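Here's the structure, in structure tokens; my notes come after.
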Amino acid sequence: MSFTGIFHFFTNSPCDAAEPWQLGSQDAATPMMQGIIDLHHDIFFFLILILVFVSRILVRALWHFHSKKNPIPQRIVHGTTIEILRTIFPSIIPMFIAIPSFALLYSMDEVVVDPAMTIKAIGHQWYRTYEYSDYNSSDEQSLTFDSYTIPEDDPELGQSRLLEVDNRVVVPAKTHLRIIVTSADVPHSWAVPSSGVKCDAVPGRLNQISISVQREGVYYGQCSEICGTNHAFTPIVVEAVSRKDYGSRVSNQLIPQTGEA
């Protein structure tokens, strides 16, 4: 964890963007990401146990059975107890790791039957197009806009370098969302670490993910599929606002377009 991450830890301030020298995960913004963090901690617990156990056996063997203390090594042809233990325990530990891992994996693949909102994310070289297809179903209106990265020499005060865009994806917090991901040219990827999602954008194919952002904030992500020269300069910015403010934020920032984009 970086010094900035330690500062966030003690001040209880969320970490929703990549930081220099960051080693840990970003703070969870969705139940999916919280599940990933919990699984990481659970697996790390078993790794520590294995490390301590193996290290103790190794140190004990080096200390008690080196050549000076034991010039004539003892030959053990058969050990039933040891063979049983070394077979059972390596079989049980992967079970404790696999069961929660598969449970999380299947939950990540679940799709909400009736999402409150659907957003389509289309990858381009090197920007993204977002479509709020059900922005106003009664008027058959949709919102479509392009999202470009802000150049390195043109950020405003407080904006993250090469992580900010001109048009953010504004979503309501604590709402079930369906995001449809595709590409218009080459393979891309739509990934936001704080949300625990990474979905490939494949030309001619529609992939979908379901998320529910649990707290308001601004969440940063990047393309995670090498897509050409400017692959590193296609960030993703998702801004979660309250349901009360969502309508006014979208209406003020974006221009509705009638019909499909």
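Every residue number used here counts from 1 along the chain in the order it is shown.
Placed from the backbone N, Cα and C atoms, the Cβ positions cover glycine too.
Per Swiss-Prot, these features apply:
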TOPO_DOM  1-34  topological domain 'Mitochondrial intermembrane'
TRANSMEM  35-55  transmembrane segment
TOPO_DOM  56-87  topological domain 'Mitochondrial matrix'
TRANSMEM  88-108  transmembrane segment
TOPO_DOM  109-261  topological domain 'Mitochondrial intermembrane'
BINDING   HIS188, CYS223, CYS227  Cu cation A1 binding site
BINDING   CYS223, GLU225, CYS227, HIS231  Cu cation A2 binding site
BINDING   GLU225  Mg(2+) binding site
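Taking the C-alpha positions, the distance from HIS231 (Cu cation A2 binding site) to CYS223 (Cu cation A1 binding site) comes to 7 Å. The binding-site residues under consideration are HIS188, HIS231. Their Cβ neighbour counts within 10 Å are lowest for HIS231. Long-range Cβ neighbours of GLU225 (Cu cation A2 binding site) (same chain, at least 6 residues apart, Cβ-Cβ under 8 Å): PRO187, HIS188, SER189, ASP200, ALA201, HIS231.
CYS227 (Cu cation A1 binding site) carries neither a helix nor a strand DSSP state and counts as coil. Around CYS223 (Cu cation A1 binding site), the C-beta neighbours below 8 angstroms that are at least 6 residues distant in the chain are GLY123, HIS188, SER189, TRP190, ALA191, HIS231, THR234, PRO235, ILE236. Taking the centre of the Cβ atoms of HIS188, CYS223, CYS227 as the Cu cation A1 site, the nearby residues of that chain (Cβ within 8 Å, site residues left out) are GLY123, GLN125, TRP126, SER183, VAL186, PRO187, SER189, ALA201, SER224, GLU225, ILE226, GLY228, HIS231, THR234. For the topological domain 'Mitochondrial matrix' (56-87), the DSSP-based tally of helix, strand and coil residues reads 17 helix, 0 strand, 15 coil. In the predicted model, the topological domain 'Mitochondrial matrix' (56-87) shows an average pLDDT of 80.
In the shown protein chains, 21 other C-beta atoms lie within 10 A of the C-beta of CYS227 (Cu cation A1 binding site). The residues near the Cu cation A2 site, meaning same-chain residues not in CYS223, GLU225, CYS227, HIS231 whose C-beta sits within 8 angstroms of the mean position of the site's C-beta atoms, are GLY123, TRP126, VAL186, PRO187, HIS188, SER189, SER224, ILE226, GLY228, THR234, in sequence order.
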